[in-house]
Amino acid sequence: MGVQVKSEGPKLVPFFKSTCVYFVLWLPTSSPSWFSALIKCLPIFCLWVFLLAHGINFLGAHSSARKILAGLIFSALGDAFLIWQEQGYFSHGLLMFAITHVLYSSAFGMKPLSVWVGLVIATISGLCYTLLYPYLSGPFTYLVAVYIALISFMGWRAIAGVQLTNDLWTWTKLSACLGAVLFMVSDLTIAVNKFCFPVPHSRAIIMATYYAAQMLIALSAVECQDADLARKRV
């Protein structure tokens, strides 16, 4: 496992560097520009490169890796829209990330089902929406509900893949699980900060958990390549 993680490290160097650039520059959100959009999206572009670095043949042979790459593409579009959220593009960003969660859910698959995990996540998600509901108005009343349902479903499929008690897990499944949880933390922070009340250091919390989530989910796509290597060794 350590060797596999170590082998992926060099491919992630551009992602770490571009993430550092984002936090070092810390461009003000009050004056959105194409440059600030580029700086925000650059770490996600680097994750595209990370997946593409595994080869076109790898992507062509594994639909889950292609779906995660497509999800990263829609994520970059969502990031760009959210740069101009105060100019009326918040719902556009919401739509892009909703598509991302559908793609990620499909990539994670429906096996194992783990109904109890789904019930726990559904309960937590319901509580979160109940807390947000009094602060929502207009189309956001149902848009946020749909979005919470989609990200919760994605989280369920990612967490369900980690079967610790049966040893049916890999480091990449654990990566997907942690990535999904961080994504949900990031988006919950966005929702509370936007609709309810200001969250201290919200931008730092949102972006740190978001970039970590996307990196971990991108790493989860490597599992199918690891499986291929294991079969070849056998």
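Numbers run from 1 along the shown chain.
Note that Cβ sites are derived from N, Cα and C of the backbone, with glycine treated the same way.
Taken from TrEMBL, the feature transmembrane segment applies to 12-28 (among others). Here the transmembrane segment (12-28) has long-range neighbours at 35-36, 39-40, 42-43, 45-47, 49-50, 204, 207, 211, 215, meaning same-chain residues at least 6 beyond its ends whose C-beta is under 8 angstroms from one of its own.
Annotation source TrEMBL lists transmembrane segment at 34-56 (among others).
Taken from TrEMBL, the feature transmembrane segment covers 68-84 (among others).
Counting same-chain residues at least six beyond the ends of the transmembrane segment (90-108), those with a Cβ under 8 angstroms from any Cβ of the stretch are 63-65, 67-68, 70-72, 74-75, 77-82, 139-140, 143, 146-147, 150-151, 153-154, 157-158, 160-161, 176, 180, 187, 194, 217, 220-221. What TrEMBL lists as transmembrane segment is 90-108 (among others).
TrEMBL lists 115-136 (among others) with the feature transmembrane segment. Same-chain neighbours of the transmembrane segment (115-136): 144-145, 148-149, 152, 155-156, 159-160, 188, 191-192, 195-196, counting only residues six or more beyond its ends whose CB sits under 8 Å from a CB of the stretch.
Here TrEMBL flags 142-159 (among others) as transmembrane segment.
Look at TrEMBL and you will find 171-192 (among others) tagged as transmembrane segment. If one looks beyond the transmembrane segment (171-192) by at least 6 residues along the same chain, the residues whose Cβ comes under 8 Å of a Cβ in the stretch are 1, 4-5, 97, 104, 108, 128, 132, 144, 147, 151-152, 154-155, 157-159, 161-162, 199, 202, 205-207, 209-210, 212-217, 219-223, 226.
Same-chain neighbours of the transmembrane segment (204-222): 4, 8, 12, 15, 19, 22-23, 43-44, 47, 50-51, 54, 62, 64-65, 68-69, 71-72, 75, 104, 107-108, 158, 172-173, 175-176, 178-183, 185-186, 189-190, 193, counting only residues six or more beyond its ends whose CB sits under 8 Å from a CB of the stretch. Here TrEMBL flags 204-222 (among others) as transmembrane segment.
Residues 91, 94, 97-98, 101-102, 104-105, 108-110, 114, 117-118, 121-122, 124-125, 128-129, 132, 136, 176-177, 179-181, 183-184, 187, 191, 195, 217, 220 of the same chain sit 6 or more residues outside the transmembrane segment (142-159) yet have a Cβ under 8 Å from a Cβ within it.
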